[in-house]
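Asker: If you scroll down you'll find the structure; I have some questions about it.
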Amino acid sequence: MSTKLRILVPVKRVIDYAVKPRVKSDRTGVETSGVKHSLNPFDELSIEEAVRLRERKSPVEEIVAVSAGPAKCADTLRTAMAMGADRSIHVDVPEDKALEPLGVAKLLKAIAEKEKSNLIILGKQAIDDDSGQTGQMLAGLLNWPQATQACKVSIENDTVTVEREVDGGAETLKAKLPMIITTDLRLNEPRYASLPNIMKAKKKKLEKKSLGDYGVDGNPRLKTVKVEEPPVRQGGGKVEDVDGMIAKLKELGAI
Amino acid sequence: MLPIARQSALRAIRAQSNPRPLLTPSQSSSLARLLSTLAILEQRDGKLNTGSLGAVTAGTKLGGPVHGFVAGKAAKTVAQDAAKIQGLEKVIAVENEAYERGLPENWAPLLAENIKKGGYTHVIAAHSAFGKSLLPRVAALLDVQQISDVMKIESEDTFVRPIYAGNAILTVQSTDPTKLLTVRQTSFAPAETEGGSASVEDGVDPKVASPTEWVSENLAKSDRPELASAERVVSGGRGLKSKEEFERLIPPLADALGAAIGASRAAVDSGFADNSLQVGQTGKNVAPQLYLAAGISGAIQHLAGMKDSKVIACINKDPDAPIFQVADVGLVGDLFEKVPELTEKLKAQS
């Protein structure tokens, strides 16, 4: 008798990957107002994988998407539902009090316990803060097995086999549910939400919650001292031909 | 004798207090001299992985004593080698086959116990696949907000790291009693592996069983220098058009330069090159003396992984490609002509 999968997919609303972020002039952060936001690319892979598990006839009972952030996260969750999540939970967190990965992990632990999730698929990192911590922290808090940077997932009965990206290649791990998986880019190719599915997603349930509902304080441990532009690199200009290139590389001491 | 006695007395005091309120934020600066660091060393088949030795370098920048930590099947043998690393005062070794594969499920409790026992104020691992997978789990067990991919240590509680694919540089101050860091390998050179004389000590082994089983691995074998630490890197992108062309053009050029091979995400996604060769925000960070990009446009995500290279050269047929904005030497031209020509001319010179 195989276990019914109750999948939790945490998603994050981030500045779109194609936008070059601009540092605010007061050096307190990156300009986010009036900038295009999207679903974090790694989280798209998580939803896609959850939906594919269902399509591969794994016994998926439910796919729940969750996001913690300001009101606009609801759009992100609608996208997740248009891609195939069944319902979603939006935990309202003001933009200026954004949670750190540890806070998110504590929140997700509470949600996973309440929703009785047995498989949590997260992106390996959010492309804004680039921490790459939440999945592992959550696995630690729940004391569940973890497989990070997954490029292939297969589930048979309650055994999960994951191929994961490591330095120099890949390795394969096996564990029993419940489990935490974080996604890497090679895992799948996320689908586009079709218009009918976008329309349907509007009717799907989106619950509004607060941090207090889950008993999480969300106090930060890190203080931002400053955010700066990286040093600008000056292009050294172009050379005419291969000989010019070799001469310039020699001049620069690179060869 | 005196300093040693003083240090051990301090350590004894620290060991008595709870690990959690070890240092409250207000105390931390006045107690800065009490800091001590645990550097996580990676090993593979009984050999130290030099890629992880940046953790020791970062530890020595903090000022206090630095201890190394090794675990695995032949940990004691590895510890003898690790004892020669410059900058280490002590090496903690836990010999147990259970830790051989670096599974975070049993490594996290192992480290948490040893961190508590040693009363460390700082724990540092390399920002490698192992460090990235393990340290956040340890952080959760210790209730600490870890800091990833640290490029610079400003002080014992203030660290610099890239965000938004390196498009912004964040300086953060940690209020946690124990600071857990993964450090960028290209920002902290590996510590010297000769000349040190650390003592070797057994660590505690909580013997927590891992629910995860390691099944197999498939590592790309290569005689070339390792990508992350290579002096020179030749990287190919979508412009190479196929796996055949990638393999026809890039390896000979890399050979001519004694370089490692890298690739853009586009090249990896199209199957031209193995994923482990990907350079960028979601792949490897490299900072070689020379980075030569062929057929790579220079998307934000790619630049994130290579723009700290000393000299950047590129060959691209599109004169407006963003890569030219960061390249020290740019050649506009068809890479199918220019790369073989460059390879031949470099060979002729050597």
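Note that Cβ sites are derived from N, Cα and C of the backbone, with glycine treated the same way.
Annotation source TrEMBL lists domain 'Electron transfer flavoprotein alpha/beta-subunit N-terminal' at B:37-218. Sequence annotations record features per position, and here TrEMBL assigns FAD binding site to B:Arg238, B:264-265, B:278-282, B:295-302, B:Asn316.
Burial and contacts for the listed features, if you can.
Answerer: Mapped onto three states, the DSSP output places B:His302 (FAD binding site) in helix. Same-chain residues at least 6 positions away in sequence with a Cβ under 8 Å from that of B:His302 (FAD binding site) are, in sequence order, B:Gly237, B:Ser264, B:Arg265, B:Val279, B:Gly280, B:Gln281, B:Ile296.
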Asker: Please list residues from the chain of B:Gln278 (FAD binding site) whose Cβ is under 8 angstroms from its Cβ, counting only those at least six apart in sequence.
Answerer: B:Gly262, B:Ala263, B:Ser264, B:Arg265, B:Val268, B:Lys284
Asker: Reduce the DSSP letter at B:Ile296 (FAD binding site) to three states and note it down.
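Answerer: Looking at the DSSP assignment, B:Ile296 (FAD binding site) belongs to neither helix nor strand, so coil.
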Asker: What subset of the binding-site residues B:Arg238, B:Ile296, B:His302 has a Cβ sitting under 8 Å from a Cβ of chain A?
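Answerer: Filtering B:Arg238, B:Ile296, B:His302 for a Cβ under 8 Å from chain A leaves none.
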Asker: B:Ile296, B:Ala299: which of these binding-site residues has the highest Cβ count within 10 Å of its own Cβ?
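Answerer: Its Cβ has the most other Cβ atoms within 10 Å: B:Ile296.
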Asker: Could you check what DSSP calls B:Gln278 (FAD binding site) once collapsed to helix, strand or coil?
Answerer: strand
